[in-house]
Amino acid sequence: MDQLSIQPQLTPMMAQYFEIKAVNPGYLLFYRMGDFYELFFEDAEIASAALGIVLTRRGKHLGQDIGMCGVPIHAANDYLNKLIKLGHRVAICEQVEDPKEAKKRGAKSVVKRDVVRLITAGTLTEDDHLDARASNFLAALSMVRHGEADFALAWADVSTGETFTADLSAEQLQDELARIDPAELLMAEATRLALVERHFFAPSWLPVAHAAPAESFDSEAATATLREAFPGGVFDPSALSRAARSALGAVVAYVRESQKGVGVALRQPVSDTTLRHMAIDAATRSSLELHQTQRGQQRGSLRQVIDLTVTAPGSRLLSARLASPLADARAINERLDAVGLLANDTLLTGRLRADLKAVPDLARALTRLALDRGGPRDLAAVGKAVSAASALAGHFARLEHAPTVLLRLSRTLVAAPLPLASELAAALDDDMPLFARDGGFVRKSYDQTLDDERALASQTRAVVAALQARLIDETDVRSLKIRHNGVLGYFVEVPASHGTKLLEEPHRQSFIHRQTMANAMRFTTTELAELEGRIARAHEAALEIELRVFASLRQQVLEQTDTLRELADTLAELDVTTAFAHLAATRSYTRPDIDDSLAFAIHGGRHPVVEDMVINEGHSFVANDADLSGDDAIGGGRLWLVTGPNMGGKSTFLRQNALIAILAQTGSFVPASSAHIGVIDRVFSRVGASDDIAHGRSTFMVEMVETAAILNRATRRSLVVLDEIGRGTATFDGLSIAWAAVEALHETTGCRALFATHFHELTSLAKTLTRVSNVTMKVREWEGEVVFLHEVGPGAADRSYGIQVARLAGLPEPVLARARQVLTVLEQRSAGTASSSQKASVLDDLPLFAHQPASRPVEKDPVHIALDATRPDEMTPKQAIEALYQLKKIRDDARRS
Ligand SMILES: Nc1ncnc2c1ncn2[C@@H]1O[C@H](COP(=O)(O)OP(=O)(O)OP(=O)(O)O)[C@@H](O)[C@H]1O
């Protein structure tokens, strides 16, 4: 900062500010002044704009006004939240000495201040800042070059301590980061440049990516950093690849720096390759709307519809499992066994769920305690979780042959450290403050000395009353009162009319004047001051004892960290398992039959989200079968070509099969009457590609990039779901690409596939490709109207009913009539039956009168008004896209009204 160079003009406070600011570049500095955090200069401008608070001035610096804005301490959390959500990083700078100490150094000396914590999106620990039902990962991406570049990711949820590493190729990065969905992503500038150069830097990383200094990725220094962060020798950093060590070192260093010496509180890192997972790439996640819809909303996503967990940690685990379904038949079946037993025993499931509801977020409470940021409520949470665990264990006692997963869970529940829970329950009151420093959280009779001090403090109330009575007698002022406030402490108050009496002899000897109010006068007396001291000392002594109790309980909890973390995992897993059981029992989901074959036979399959929506609208969902089963002997799985009218239910059918596969391999029952699935290694789904203008790619380009990814990466064990590939270009180009793609999937890949298309010519492939079958979405025509049956049956559609759908959408009748005319001629032409005169009469004549729009009162179209107001020359590309969306919205609103 250039201001720093002009030292002589700086006030001591400003000098301190600049010093602190200089060592925390890239952070908005929340500088503590009394009851406010103040921000200065550019920080003030950024924060005032982001928070909508007033930007003021505080003196001048180098002849310029110093911009300043402030947030009150008590509301700081809300403001912090806003800033973090907007992608800012904040350094909290506190006064680290008593102002009285500073005064001793001279009247003008400044109170010592230091940054006590860096708050960033990836290092949050407080419930106020976090979404209880979502993980919050900090990730670091490292690159090590040995000729070829090796990449690795490390990621940790600082709020729960979970820590992972994975070695990856550049091609895998995008998919892996889509799965992890980090709140903050660290990488060195050189790594970013290398990825950008090779087109591997995904634009979606931009909002969360932060440049971290190259030194923090030093793989040599990382070994020492990691040994220190994960003591005990269980975790050996040298077992990691150089790249993974470098990434993990960067995560640990960043967390340590952000907590400013408090510690890191991370769990032993887990290598992400220990379990085999079903690969789901970023485009498939988005197209199948697993965690959020394509519009970015939770509502309407698969996760939202199937998440019946009753605790926040359970919900986080369910979300993580859905993001990484398994690809190992044995592990999947183990999960399904547990769900199966509970789905059949609804009484037991009901009891477990009822007890689970009261279980607090143990993992996050533990982390706060470990970071010395926890309060009495976190201690209570630990106690409650432990007692709940042992109650839950009781429900399992009667199970004789429990499945492996439930046995494992119940073993941990039984081992919950009950003595710790009893100690916490005995020590902690029912109502508790957020912070230990507020006191008043230790239960009566837990500590004799504390009870004594509290008694002393409360006895003083009686002493105050007696003193008041005596003073009334002595002064003969009946209305004399002893009161207390935060500024004066205890004082004697008399009405103004009696005030002068106390200022005169004989009372002026004992009454010392403190304050004159409009209606009253306030005094103190030596006796009252002494009493005040006694009360304050009793309070202080009580608080000191409470803080000692807190520290001892915290220590007892931390000594059992490993056991408690395992318990937290168990409680979350039990919640997910019972939630899946409840889902199965209440929504008629069935257990899928999972093995290592190439089967994919779904009977009566349903789309979990569309079903929910259709039922809510009072209709019933039509279940459909799909059979893509094959084997190596016949060259792989089968491919179904799905044709049918627009709005007939093709996309729904395609997606439901991909979702059923994902749910099954997550370990959930599935919405079908039966399902037999040979483990799928990768799912690909491309349903309706959309423009990616923001990244300079047209609909067709996006579609081709994604199709290429599928053809290059799908294996025989994959499931591929493709909707209308090739529709974004000229008909013949599109048809040829779709044709070649079907052939490649059938001949080279041999995967199980569903391919929906409006190119009816493709259906002739079923004659030559043995594992291709044609199915169609059935419709019924009735009095010129088309009725969608949403039923899949054998055969191929010969038409798309596009014009009927256009009519349903409200296209004007003259346009529809003209479209019918053109369609007839085009169809005849392709069949070779249209006469040249027919063609000429219909296609060459402009229908000057036929499709004149219905006359409307002349009023200015809102779209035109908006267009008139647009200044393309003054727009950034982003504003241009927003303007386009706005235009579409205005048009849609106008249509609806
Ligand atoms: N099996 C079903 N049972 C009941 N309703 C269904 C079913 N499948 C689809 N629908 C309803 O039909 C609507 C359209 O379905 P979908 O988007 O799958 O059609 P589509 O054939 O892919 O259309 P397009 O070709 O225009 O993309 C859905 O939003 C849903 O309301």
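A Cβ is built for glycine as well, from the same backbone N, Cα and C atoms used for every other residue.
Within 10 Å of the Cβ of M647 (ATP binding site) there are 19 other Cβ atoms, across all protein chains. What TrEMBL records for G644, P645, N646, M647, G648, G649, K650, S651 is ATP binding site.
Sequence-distant contacts of the coiled coil (521-548) (same chain, at least 6 residues past either end, Cβ-Cβ under 8 Å): 436-437, 439-442, 447, 449-450, 453-454, 456-457, 460, 463-464, 467, 471, 482, 488-496, 498-499, 502, 510-515. If you look up TrEMBL, you'll see 521-548 marked as coiled coil.
For the domain 'DNA mismatch repair proteins mutS family' (718-734), the model's pLDDT averages out at 77. Per TrEMBL, domain 'DNA mismatch repair proteins mutS family' is recorded for 718-734.
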Other C-beta atoms that fall within 10 angstroms of the C-beta of N646 (ATP binding site): 18
Per-residue Cβ crowding (10 Å cut-off), top of binding-site residues G644, P645, G648, G649: G644
Fewest-neighbour residue among binding-site residues, criterion Cβ within 10 Å, set K650, S651: S651
DSSP three-state assignment for P645 (ATP binding site): coil
